[in-house]
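Annotated features in TrEMBL:
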type	residues	note
ACT_SITE	Arg298	active site
BINDING	Gln113, His115, Glu140, His279	Zn(2+) binding site
DOMAIN	9-156	domain 'Phosphomannose isomerase type I catalytic'
DOMAIN	173-260	domain 'Phosphomannose isomerase type I helical insertion'
Amino acid sequence: MYQGGSLKVLKLECSFQNNAWGKLGSESMVVRLVKSADDSFNIDENEHYTELWMGTHPTCPSVCYYNGERKESLEHWLRLNPSAFGSEMDQHSDGQLPFLMKVLSIRNTLAIQIHPDRVSAQKLHQERPDIYKDPNHKPEMAIALTPFKAMCGFRPIKEVAKFTKIKPFRRLIGSNNAMKLSKVSQTDDHVLHNQAMKDCFTALMNQDKHMVQNQIGILLKTIQDKELSGQNVQYYIPDIINKINTEYPGDVGIFAIYFLNIVDLQPGEAIFIDANIPHAYIYGDCLECMACSHNVIRAGLTFKYRDVNTFCNTVNYTGRSAEDMKLQSNQIQLEIGISETKFQPHVPDFAVSVIKILSGNKTVHLTAIDSASICLVYTGEGQAFSSSLTEPIKLKTGIVFFIAACHTVSVDVQSNDMTIFRACYNTSETFSKVASAF
């Protein structure tokens, strides 16, 4: 088999998944990208298209093209060409990239979950390898492609204390716990805050199933009665309550909405989910980048295995505002009409740059960095040139390509605009600047 040793840029064929929680048919950003990249693909409007995977993860590994022919998995190519990783990723010479990029199209709310840190991940994997399939951690970042809604992080304790006035919620966490929470919320003792939050949340998540179903019924009836009488019911967050109850009827996770922030992202905004931060994606399309791991601890809003005790004993109960959960970006104006927005979390596993060209007939140089990277053409058309290519790669919406470490790619833009997402390893050296314009 040709090993592609002289190649530094590879067009990738990426796999997608179908799950019941995803958007249907052409409503899904995932299938719109797939269809754009492959004109022969036929969209089934009754099918759920949920995730487009870009990387070496064994669940949906990317496949390389060179000289216009489908060849081998990216993982296999990287094993044969370990220098493509860059010096920062030498430890990954087995062919596995440390990061994975995805596009998600979410219709139904995903599970309330956390990802363990490295130490906890190793322990969980050792104890339950059937559930926790690897010893790695899984920090992740989501950049909104369309208006995006998620639950993320515990609310400030004073916000949670206000919700204890909702009788069904108060009954499920226990009156004594509710009173304690309200009392300590008036102090500045964060240790007491976290303990009170833990007591209330643990009581809720371990509540009797029939009790939960009964209180959900009372909550829904309360909302309905107040709506009929013309009262303002937004305090109860009825739109999300009704959505989640339709998707997971009678699930205790419905009441988690009074503990967790509701974060609304506009396209181009992002959240970073660190270890032990509770979250659940509610609706929308996003580009997700994460460390490669299967490790997820779930507690609610799921038909999969729930590890409630581990969740409640591991989760970070520190309260923060919804705005604080957003990841701040750094935008650089390369020249008029060309910008680069960098999303850099504090972990080394990954970072993402968004390169936007707002006028045609431009050339953008994806500069050489000491890291392998994966690029997704989100909008636009053009061609990618490289000294290692015998012919340019034709670019259009949905095309994905790989760039080896320390190699530059020039993109000639042939449309009115173009947006490229570029994921790579995250260090100050490798990510100082991933694009330039002459």
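Including glycine, each Cβ sits where the backbone N, Cα and C put it.
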Gln113, His115, Glu140, His279 excluded, remaining Cβ within 8 Å of their centroid (Zn(2+)): Ile114, Lys138, Ile273, Ile277, Pro278, Val296
Entries of Gln113, His115, Glu140 which, being binding-site residues, have CA atoms within 10 angstroms of Arg298 (active site): Gln113, His115
Averaged pLDDT score, the domain 'Phosphomannose isomerase type I catalytic' (9-156): 93
Intrachain C-beta neighbours of His115 (Zn(2+) binding site), sequence separation six or more, cut-off 8 angstroms: His137, Lys138, Pro139, Glu140, Ile273, Ala275, Asn276, Ile277, Ser293, Asn295, Val296, Ile297
Under 8 Å by Cβ from Gln113 (Zn(2+) binding site), counting only residues of that chain that are 6 or more apart: Pro278, His279, Ala280, Val296, Ile297, Arg298, Ala299, Thr302, Phe311
Secondary structure content, the domain 'Phosphomannose isomerase type I helical insertion' (173-260) (per DSSP, counts of residues): 67 helix, 1 strand, 20 coil
Composition by DSSP (helix, strand, coil) of residues within the domain 'Phosphomannose isomerase type I catalytic' (9-156): 39 helix, 48 strand, 61 coil
